[in-house]
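Copied over from Swiss-Prot:
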ACT_SITE  79  active site, nucleophile
ACT_SITE  181  active site
ACT_SITE  183  active site
DOMAIN    1-206  domain 'Glutamine amidotransferase type-1'
């Protein structure tokens, strides 16, 4: 059972359908006990960083998510959910994140002859050949975002180019993030969710 964090930000219906296709049962919940009992925690999200963090705080989930991740619970952040895993964001001011990954979230540059937000398909380049997410290499996934993670190279699994090098998958042991929407990325997106499923089943996050 995977628990999808319910904090009123993000389209969870398509994400649930993707896991259904992979024969992974899910529950949409903000109950700390259900999150703790799950095999993995999925943190979705669309919208603004500060509002999302406020929603997590309102539900008293910040400390819960931090404790679960630090106990070894697999955590997957998707789109804004990935950004929340980092230490801070400069979106509409300076805001603290969950601090589960090193780095901060910054605005995509608007002066590099690319459209902001990045909205559409982009081609991934694998940065960690031994990763379970190796099928992402040269494949296209679907993005919708105006901010991106600036983080250590040791956390980066894959990137795309959008004026700057944008981390598309990050991982630090059991904490993983995907900047793209796997549930909107067709077969390739399902492959990445399947890879995460296998990592959870094997309890093997040793690639980082």
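Using the three backbone atoms N, Cα and C, a Cβ is placed for every residue, glycine included.
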Measure from the Cβ of residue 181 (active site) and count the other Cβ atoms within 10 Å, all protein chains considered.
22
If you run the three-state DSSP split on residue 183 (active site), which class comes out?
helix
